[in-house]
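Here the structure comes first, spelled out in structure tokens, and everything after it is commentary.
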């Protein structure tokens, strides 16, 4: 019993990480209908910046966890946001009027560039960050126990907070209205005076910021990363976004949670060898039953 | 009209300053602070260089864009024209001599090229096959397939495992692998083909990954990550090994042993198969089925309302594409003599897709050129050693920005109704 | 007789005839992952080989001819390994190759070297299949996974008296091979593993797997894989409160293992099998010192690569630069290297396996377990 509960906890925390990264995919897709393959690598860049920020802060003798985490978050979000903006400006904006596939290839190229640029400047070795926050809450269940580390609680809290703020921004603010207008009809939106280029840039920055948030939290939690770390987690997050219905914010989070849970439960109760096979099969199955994902709006076929 | 276009250096300077600042933010941490354990080494010199280069580059570019030439360039850039070039009916290409020329060069090549060059060209031809296969699915039928590598893996493992378990050689596996891949395409295609664009993309991606994961995990059958060795093709039963009980090629023809013979033979067979596939594809495009693919790509609803069975049409594209991928897999396995799951990652699918898109969607010639570019280029870039993949990525982005429709534009010969048939 | 050799001989004749001072170089390839996810190991290979070549050249080269190294990058992809192997034997006329790193690259490449009659000495590919193929030209200066697995399994049974062993691997040629070898020996001692599972390389969250380890109540966790996964694995194991002893192989021999695990306290007590410490060979002291003086710590496979170069050079030097004869010669002669005397058996494996058990301490250093 304790084991099953523990696996649920494992799945939820893993899922919230997927969800956080999936938001970046889903927002970009929602607004301009492109799969941003470089998103996983933006996450990877943010992991490096996290470690660099921590290294610099500790170099100046700062030891307290709150200051380090706030400083790191600030620095990482700022720099990663800049990456998001520049990537959009260089690799995607010139292709605004081209076919979606051209943008996709450009994104794959961008992903290669980011990976190798980081590898060349930082070296190919495995990197790590020191453990800053240890300890866990434990509940005894039967003769075993279920635990959730403080770091995991922190991740859950921040991702829910991030989701909440983002939902508020998209639903209630002027910026959000402009985003939604651009999503529905880019041409019409620009006729109505919305600077769609700017909106799209903003969306990319928001996507990168969410990736940065995930980058800081996950790097602090797992401690290990290298220049290749964005690939697997990127694919998983993308799967989560599609599972939940790409383009839908709550869908991304839901998809992430489902994916995380299914992985943890399958790995924990059946076999960790085939957990990815199971996840992808689940995805195929869900898409066969609901062709636009769990919370996605069915595409209206226009003649 | 000849109003002098003055260059506003103040604007250029501001642009350069902003670009430099941006470069500082971007490159500062990653390039300037190199992690070392939990500490770091400062490398600010490198950052200074990069920032200076970016700022100067931006200044020059900004100034250039204010000149007449620059404005003209930007204008041309902003007006990317559209789509397919339609040639007048009855158009005869003036390039008829090029096909025989290529065939002759291709046939002479293995006897003059060094072994290394030959292997690179074989790899190039394998990617031509893959590109042609995916081109049918993505370029012609408009179905975004990110898991094409799955069919490639089926072909490659088909040869290796077929040889190991059933004793089937290269020649028997060549058609069987194509059929196997086509069947796999049908099994995958049937349930998923009613999905739209990007959902289809992720499902196919999932399919490719599932195939790779099964190959990795089902160790008792596939030998997992250790891989399986694959047989060489035989020349009417003669083997290309140094010694063999079945009789060897070099002994039969009284030649000294040279491992280049096997590559020559693989090359020649592959060359023939590529031409066959090219020919088949060329005919298919002109047949009703090919027309149906392209029509479906352009407007699915219109096609369905005209009574076209969209599932069947899509499925046929999927199966023909998959079988070509299977063929390529067989050649890959025999060329490498060994297959393991690490050759069939998602990156490979992305590379094949890049070939199709770079070549110009739907264009056969473009696919051939792009396949060679993408396989030969990394080999040529070997001189750059560790900068190789970075350069490759940059080229991919630059190529897309420069020619978003691919290297070769699609041309189709127009039709005119024959006189007297329709009025 | 390979073309390369004929060409080489012709060139050296021509050079000698012209009586110029220019020397024909002996080309030796250093093949490994110089880019990609394993580039850190590729660097170790290159540093070791480069130093060896410099030292040999400084001492007069091979029979007076200078060694010229060619860096060949396979990124640990079999496809690229085949391509560069062909390039090395064909365009570069290499007579010997030090490499490759990954077993999955070494196996397909070895066939090409065999056909071309080129000596291949791998410093790091430990998969048994490589030498079990029966190719005459393939050698390795590291152990085999089955030898390594033996050492680990007998340690687990004899020293730790463990009954509940969980075996984890990373589903890769090296990791799974090692885990399988360990498991086989373990079973032959009558101990059945309580769990045998793979994790996915590149992932960092192994909590589900660890909860499962907890649920089977393992007292030893054996991991076949590299430090990139071992670090998070051991950390998450400790975070979930498991006290199981963590044992792995030579894939975690790197200081990065500590930084990846998050803190030296997590690696405290981790055991691993690795070749006897290079410092234990008196012959290696000078080289190690020179490496350290130049600011490079000869970690992991650096000295293996140095040794591989020495073996390849010895074979060529004693057989008039004929690699085919050299390969035969190696099987009946012992070679003095920085890592002691090396003898090869008929397959090309070392006759003596020198695996010993190491333990990591709370300071993030490892020492031999007495």
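The backbone N, Cα and C atoms fix where each Cβ goes, glycine too.
According to TrEMBL, the protein carries these features:
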type	residues	note
TRANSMEM	B:12-35	transmembrane segment
TRANSMEM	B:47-65	transmembrane segment
TRANSMEM	B:95-112	transmembrane segment
TRANSMEM	B:118-138	transmembrane segment
TRANSMEM	B:143-163	transmembrane segment
TRANSMEM	B:169-192	transmembrane segment
TRANSMEM	B:199-219	transmembrane segment
TRANSMEM	B:260-280	transmembrane segment
TRANSMEM	B:315-338	transmembrane segment
TRANSMEM	B:350-377	transmembrane segment
TRANSMEM	B:384-402	transmembrane segment
TODO: Mind checking which residues of the chain, 6+ beyond the ends of the transmembrane segment (B:315-338), have their Cβ under 8 Å from one of its Cβ atoms?
DONE: 119, 122-123, 125-127, 129-130, 132-137, 140-141, 143, 145, 148-149, 151-160, 170, 173-174, 177-182, 184-186, 188-190, 193, 227-233, 263, 266, 269-270, 273, 277, 284, 289, 293
Task: Other parts of the chain folded back onto the transmembrane segment (B:118-138), taken as Cβ under 8 Å at six or more residues beyond its ends - done: 109-110, 144-145, 148, 151-152, 260, 263-264, 266-267, 270-271, 273-274, 277-278, 281, 284, 293, 317-318, 320-325, 327-328, 331-332, 335, 351-353, 355-357, 359, 361-364, 367-368, 370-372, 374-376, 379
Open item on the list: Can you tell me which parts of the same chain pack against the transmembrane segment (B:199-219), counting only residues 6+ beyond its ends and a CB-CB cutoff under 8 A?
Closed with: 143-150, 153-154, 157, 188, 192-193, 225-226, 341, 344-346, 349
Open item on the list: Can you work out which residues elsewhere in the same chain, 6+ from the ends of the transmembrane segment (B:143-163), have a Cβ less than 8 Å from its Cβ atoms?
Closed with: 130, 133-134, 137, 169-170, 172-173, 176-178, 180-181, 184-185, 188, 193, 197-198, 200-212, 215, 221-222, 228-231, 314, 317-318, 321-323, 325-330, 332-334, 338-339, 341, 343-346, 348-350, 352-353
